[in-house]
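Here the structure comes first, spelled out in structure tokens, and everything after it is commentary.
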Amino acid sequence: MNQENKVLPLIPLRGLIVFPYMVVHFDVGRDKSIEALEKAMMNDQQIFLSTQKDAKIEEPNEDDINSVGTICSIKQILRLPGDAVRVLVEGISRGKIDKYLKQEPFIEAEITEFKDEDNYEEYEIKALMRIITKEFGKYVKLSGAVTKDAVDFLKDIKEPGKFADIVSSYLIIKQEQKQSVLNSIDEKERLENVLTVIKDELQILELERNIGVKVKEKIDKSQREYYLREQIKVMQDQLGDDDEEKAEIKEYTQKIKKGKLTKEAKEKALHELKKLENAGAYSPEGAGIKTYLDWILSLPWKDKTKDNLDIKRAREILNKEHYGLSDVKDRIIEYLAVKKMSKSLKGPILCLVGPPGVGKTSIAKSIANAVNRNFVRISLGGVNDEAEIRGHRRTYVGAIPGRIIYGMKQAKSNNPLMLLDEIDKMSSSYKGESADALLEVLDTSENNKFRDNYLELDFDLSDVMFVTTANTLETIPRPLMDRMEIIEVSGYTYEEKFHIAKEHLIPKQLEEHNMPEDKKITFMDSSIYYIIENYTRESGVRSLERKIAAIIRKIITEIVEKDKSSISVNSRTVKKYLGEDVFSADKIDKEDKIGVVTGMAWTAYGGDTLPVEAVIMPGNGKLQLTGQLGDVMKESAQAGYSYVRANSVKYGIDKEFYKNKDIHVHVPEGAVPKDGPSAGVTMITAMVSALSDKKVKHNVAMTGEITLTGRVLAIGGLKEKTLAAYRAGVDTIIIPKQNEKDINKVPKAIRGKIKFILAEEVDTVLENALIGGINNDN
């Protein structure tokens, strides 16, 4: 390969690759490119053309231009109206950019020129050229984009490099493929590259031709079917077999005229009926039209149920069917009260957020019962296709409406209470964002014209009362959340679970098991508390109901086998029926200890206590963290350690303790992953206690995020954390001052038994947690 170095002006091309021996014209508009042309014309009329990697870039830098291009000779320059220039060039040889010399006022680079060698006598190269000529002939025939003269022209070319370049210039292929051929400096490699490209293109062209043949066959088939159908119609008319079909058409006509349809729906139905009449009821197309008409006629376009706006009755129903959940009940009563005054009020869109089993789904049924609306539930868990919400278009085989329209059909009224269950469990896929499809459904200003893809008709959802449920808000997209009124349904207290079990679950299970009147099962209060405390660990009451059902089944078995008339269940007999205790209640230490602090945590099943331990050992200032802590919790511990080092003197700690001591912080139950920033104050207290040799009050629990400067920041889940601490025997809780407003969410009975200490600074936490406070007379 002959090489020669040159310094040439450079023009970056957009969407065009020029090969050696190729004559082409293009327009130049960029100032730098016009300057480069003028420079080339003043010298030997040679210029280097290389293609941009991205045609959209207006001012490419060195990394945006392919390093291999073509040295060209300028044949003609034509000034166009405006500032543009049209230039005619002929490719001479390949070139590669060694380095850029300047960027202004035009791009100039040092180029290595590669000239092809005369090695066309090699047998392998001759064979490659012959195969390419044959395959290129097939390409010309199949594509129809290149004239047959091109094949004849190639037969006269002996040089392999020139042959490969000219073939490449004729091929209609992607820019990346052309650049790959241009990058091939070696002639043999270039020929192999061109052959591969041609073979790939031939496969694609062959597939295109086969597809075209199949499409034509289908069109011919449909035309033949139409002709046969017309013949069948004539024969049916002669034989009188179309009476049944006419009767069906007549029945649809009467249903459409008598049905309570909107004007648009009636017009669409009559139009489809006309198509059915033409196609024939028993044709493949007719079956799809009949299904579509059945859907239109089955929907409650104008059917409504009358709202019962009796506030007193509604409150009685809600209280009777559910214990607690006062926030939800109050919001429904408010809606009914305002609706009573203003008839045009749209239904609220409530989102009940809380852990599993707290009654989110069942309260929705009670709301429907209270306001006298039909109830329909739509489960959204696992939905990852927007067509599940909006429906599939009728062009697809087996198309059906989406879940919203299906729910309206089930409801049999256009103002039901529609429960969208587990809205946080929706996901996205290549089929579309299913959550985005709900935006129109839940937008009260737009949902009066909800359009399902299958129906292609406007359906009014504005009178629907939507209630959604979720376990967490984290996975719900923000635009969707903005359309809903969030009501948090937190876990039940022990007292609330007791009342729910006594007043709802036990009577329900006894009724489901059809207990005869002469047989009696009685649950003592102590037994209910014992089940709650030792056999369930949840925020809701699902597991509690299963345990009660298990006891009743065992008692019924005992009654049948031993012919007993009545059985009373106490805490002792619970163990007999359910086996050994599954859980033991968290209890705090009964004595004050150094480096042992009780923290508080929120879980999906409610609150829990979070003991934190810290020990000091000889070392060089390392902080070791164990207990399967998450990244946020580790960073919280690091921040706490830095704060302790910065304020060691204030707390009576040797200011150079880190030179000869290591701290190990451990959070027990190491198999359970833990994360979150709210254990910051707990970790600081454990470190200060261990370093200052001061004991921590065993009856104190705490929660709060900390900063490097010692401020205590707000946390979430205070109610659940407080309930857990109370169960464990804590009587004093230190919380961030910013959470003072959340104390009212704690049940009044428990609030009166807990002393809350509000902390804005870490000093307040340590003063109330350490025995002796934080004076430095250690």
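Even glycines carry a Cβ here, placed using N, Cα and C.
The following features are taken from Swiss-Prot:
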ACT_SITE  Ser678  active site
ACT_SITE  Lys721  active site
BINDING   Gly354, Pro355, Pro356, Gly357, Val358, Gly359, Lys360, Thr361  ATP binding site
DOMAIN    8-202  domain 'Lon N-terminal'
DOMAIN    591-772  domain 'Lon proteolytic'
| By a simple count, how many Cβ atoms lie within 10 Å of the Cβ of Pro356 (ATP binding site), its own Cβ left out? | 16
| task | Taking only the Cα atoms, work out how far Gly354 (ATP binding site) lies from Lys721 (active site), in Å, as a whole number. | result | 15
| task | Round to the nearest Å and give the CA-to-CA distance linking Lys360 (ATP binding site) with Lys721 (active site). | result | 21
| message | Using a 10 Å radius around its CB, how many other CB atoms surround Pro355 (ATP binding site)? | response | 21
| message | Using the alpha carbons only, what distance in Å do you get between Ser678 (active site) and Val358 (ATP binding site) once rounded? | response | 25
| Arithmetic mean of per-residue pLDDT over the domain 'Lon proteolytic' (591-772) | 90
| said: To see if you understand the setup: which same-chain residues, six or more apart in sequence, place their Cβ under 8 Å from that of Gly359 (ATP binding site)? | reply: His322, Leu325, Val489, Gly540, Val541
| field | For the recorded positions Thr361, Ser678, the one whose C-beta sees the most other C-beta atoms within 10 angstroms | value | Ser678
| task | Select the most exposed residue of Gly354, Gly357, where exposure means the fewest other Cβ atoms within 10 Å, treating these as the binding-site residues. | result | Gly357
| note | Going by C-beta under 8 A and a gap of 6 or more residues, the same-chain neighbours of Val358 (ATP binding site) are Val489, Ser490, Gly491, Tyr492, Ser539, Gly540, Val541
| request: Using the recorded ATP site (Gly354, Pro355, Pro356, Gly357, Val358, Gly359, Lys360, Thr361) as reference, state which further residues of the same chain have their Cβ within 8 Å of the centre of those residues' Cβ atoms, listed in sequence order. | output: Leu352, Thr469, Asn471, Val489, Ser539, Gly540
| Inter-residue Cα distance where the pair is Lys721 (active site) and Pro356 (ATP binding site), in Å | 17
| Between the binding-site residues Pro355, Gly357, Thr361, which lies closest to Lys721 (active site), Cα to Cα? | Pro355
| Least surrounded among the recorded positions, given as Lys360, Lys721, when other CB atoms within 10 Å are counted | Lys360
